Amino acid sequence: MAVGQPIVGAAPTEIAQQVNLPWSKAVEISINSVRIRFGRSLITASGIILAIAFLMSIWTTNALIAELKAANDPAINLQLQRKGIDVDADSEAAAQERSKNMWLVVLSLLVCLVGITNAMLMSVTERFREIGTMKCLGALDSFIIKLFLLESAFQGSAGTIIGVVVGFLLTLIINLVSYGMVIFTHLPGLELLKNAALAVAVGSLLSLFGGILPAYKAAKMEPVDAMRLEV
Amino acid sequence: MAVVRTQEVKKVYKMGEIELEALKGVNIEIEAGEYISIMGPSGSGKSTLFNMIGGLDKPTSGKVYIDDVDVAQLDAYELAWLRCRKIGYIFQSFNLIPVMTALENVTLPMVFAGLTSDEARDKGVVLLDKVGLGQRISHKPYELSGGQQQRVAVARAMANDPAIILADEPTGNLDLKTGTEIIDLLREMNKLSGVTIVTATHDHKMLDVSDRVVWISDGRIDRIIDREDLKIEVGTIDGKTE
């Protein structure tokens, strides 16, 4: 399949050649699309920013408190107890607290997934003419899927990174107010980095999943939709 | 050589229990290099026929040949290829991709067709120059007037040197003067590169440049008039189409 050969002079019945959309071009188009529709992208991304910030703040708090407990410093233990935190990590109350937090995180991520899907579906519906036009220009279903998934992934990863930073900084400030400068000497750097990387992975995957249904819907639009005048 | 041929094309739309016959057996041959206008009131089947010719819709029965290829036999990949290489589309509402510059809009079909970025860019610049927008290649659609947007659309339709340009009410959203300019531009492209132009239109300005005019009414071809005969009939055109 010689893509890119000039077709001039080919016999009319030989429709063996295929149209293609190189990845580099697809990435360029979808990044532009996100950049230019920045306001709309920000709304889509804000869901994931909030959810990931929440996830990150839970993780940061957990890691920080675990580190403070591990220090076994009487002064810090006193402060922890004053905040109502059980110094004994194996107690039932601590386990309950952890599972409750996990539930909240999972729920917030689910809500975020629905939010992304919803926002992307809106965006697909709005852009029916653009999608129809692309199909008239020779785009395959797979091009449209590629473009929308990339767009969703870019929004998702940008949102996730912002969410991680925001979540971490906010938690740091809150704990700084609670425990003072001591948190900097007990900052679990490696653990936090691991958490951040995990949060980025979760957020990016989530937005990719959220984009699947809208991308499929977009790909199934007919080229003749380009001629429609109304939504 | 006929670039488009239809044989007894029928199209039936099912709307719940009711069957609506939009086309009731249409036979038409469009020659390469022709400038042809399809006229008819809304609901006449004009759009349906137009979409068939453009490979956007398949007939319920009968055959549509584009460049001697039976459209019904094509799979999704071949149809996309046909749309990309053989047909250029022009729309009433211009339909430029809003996030792309004029040049990017023109080069998009070339990218699909497999040209490299440099080849596409060079060709795109030449095409935009041809339609008189050489100075505005990096403008976004919203920075261009309606007439300029439609010029970009003409350049985009010409991107892969198609056999046919399909223009759906290309002057419908333009004022009188700009509309005339677009019609002249289409005619010029038609003469220069020999591309076949098929328009669906209400615009009587279009009749002056058309080689043939096809009137559709009630799912059938009402009559086909050559341009030589058209001038004489001008007085009656208004009466027939309104």
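Cβ coordinates come from backbone N, Cα and C, glycine included.
As recorded in TrEMBL:
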| type | residues | note |
| --- | --- | --- |
| DOMAIN | A:104-223 | domain 'ABC3 transporter permease C-terminal' |
| TRANSMEM | A:42-59 | transmembrane segment |
| TRANSMEM | A:102-124 | transmembrane segment |
| TRANSMEM | A:160-184 | transmembrane segment |
| TRANSMEM | A:196-216 | transmembrane segment |
DSSP-assigned states of the domain 'ABC3 transporter permease C-terminal' (A:104-223) in counts, ordered helix, strand, coil: 107 helix, 0 strand, 13 coil
Local confidence of the prediction over the domain 'ABC3 transporter permease C-terminal' (A:104-223), expressed as mean pLDDT: 91
The transmembrane segment (A:160-184) and the transmembrane segment (A:102-124) contact flag, 3+ Cβ pairs under 8 angstroms: no
